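Below: the structure, in structure tokens.
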2 protein chains.
Amino acid sequence: MSQPVRIYGDRRSGNCLKVKWTADYLGLDYDWHEIDVVKGETRSDDFLAINPAGQVPCLERSDGRILAQSNAIIFHLARGSALIPDDEFDQAKMLEWMFWEQYSHEPFIAVRRFRKAFMNTPDEEIDPDLMAKGRRALGVMEMRLLSRDFIVRDQVTLADIALVAYTRVADEGGFDLDEFLGVRSWVARVEQEIGIDMDDGRMSPLG
Amino acid sequence: MSQPVRIYGDRRSGNCLKVKWTADYLGLDYDWHEIDVVKGETRSDDFLAINPAGQVPCLERSDGRILAQSNAIIFHLARGSALIPDDEFDQAKMLEWMFWEQYSHEPFIAVRRFRKAFMNTPDEEIDPDLMAKGRRALGVMEMRLLSRDFIVRDQVTLADIALVAYTRVADEGGFDLDEFLGVRSWVARVEQEIGIDMDDGRMSPLG
């Protein structure tokens with residue numbers, strides 16, 4: 001008998017929520033296995049046997065095979081759906097923004113939020129580079145969104161899901177989206193289009 | 001009349017060399033436009049008009065459309081070739097390792113090499129985290145390569161090209177591949193399979 005798909009993740013992590021939102025949007029059946037990153041559960045022997053890289057999210061398919069890296073997992077889950085453009089160039093452009101997110105956005109915006117909102121590190125003890133580089137990333141997005149409703153073209157794709165994950169909670173990292181109005185309205189558009197619960201992954205639920 | 005494909009890149013950058021090697025391996029016709037990162041040429045107005053993110057490599061297609069991010073560019077160039085596995089899970093696994101490379105490998109191994117070999121920063125002034133996390137990344141690769149000739153399966157894919165770029169010159173960043181013998185022999189295998197010139201992108205040519 002085949003097992004259901006299992007997702008290992010921490011619900012406060014944007015990288016993990018990308019997988020949840022994609023699975024929910026596509027109506028996939030899955031079993032969520034909560035892993036607490038702050039308690040060090042990604043470095044336990046049990047978890048390292050699943051993913052030697054010691055990172056969530058992680059997908060365990062019904063055939064037992066394991067897939068890691070949020071953006072690779074959502075690419076795999078969304079094959080054949082409208083979340084991946086048919087056009088080959090658009091698909092490459094979508095991947096461009098997903099790689100950019102992991103290299104030039106997440107390491108500053110998500111990391112500053114982690115320090116500030118999870119670890120309660122005082123602002124003056126947080127590397128000032130994180131604010132500068134995070135703001136730079138938001139500026140690059142703002143330019144891209146000046147003439148577009150979504151990152152790739154005129155409909156939501158995985159690039160929007162990947163980028164919205166930490167952009168929508170950037171305020172928890174001390175970033176002010178009032179300075180990036182194009183980004184702010186895009187966040188609302190993606191949340192609505194994907195059906196993201198506003199409180200998902202927020203340290204301080206909006207009420 | 002259509003223009004040839006143009007690649008903007010710095011020949012000392014592993015990210016840029018990934019694109020060169022993939023294009024050469026596939027026998028594609030292109031025109032290489034050298035951009036000197038150290039001289040700040042990626043931040044010039046001319047270049048920012050091409051890629052607002054201010055990063056190389058960058059591909060300008062014959063129709064004028066621009067694609068950035070090394071791993072998205074090689075994915076686009078290699079569509080339909082043996083460098084991308086046909087099997088959907090293997091393809092996702094390939095992307096997993098390409099995302100992992102940009103998040104958990106390049107920021108430590110490439111960055112330490114940049115500090116040490118390009119900027120001539122003395123070891124004691126380099127963040128010790130770069131050595132620790134770079135060694136961790138090499139350890140994760142070593143485990144993966146214990147039972148495999150290549151990263152995904154039994155033949156070379158884009159995941160090998162992406163990962164070999166900075167692993168093969170990790171010694172220039174102060175990493176010792178004699179501690180990771182599986183990785184060391186995989187490097188030689190990939191260089192041979194792809195036809196990489198041993199001196200490509202080395203600060204100190206071996207010859």
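A Cβ is built for glycine as well, from the same backbone N, Cα and C atoms used for every other residue.
What TrEMBL annotates here:
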DOMAIN    A:3-85  domain 'GST N-terminal'
DOMAIN    A:87-207  domain 'GST C-terminal'
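The DSSP breakdown of the domain 'GST N-terminal' (A:3-85), given as helix, strand and coil counts, is 29 helix, 16 strand, 38 coil. Note on the domain 'GST N-terminal' (A:3-85): mean pLDDT across this stretch is 95.
Across the range of the domain 'GST C-terminal' (A:87-207), the DSSP-based residue counts are 83 helix, 0 strand, 38 coil.
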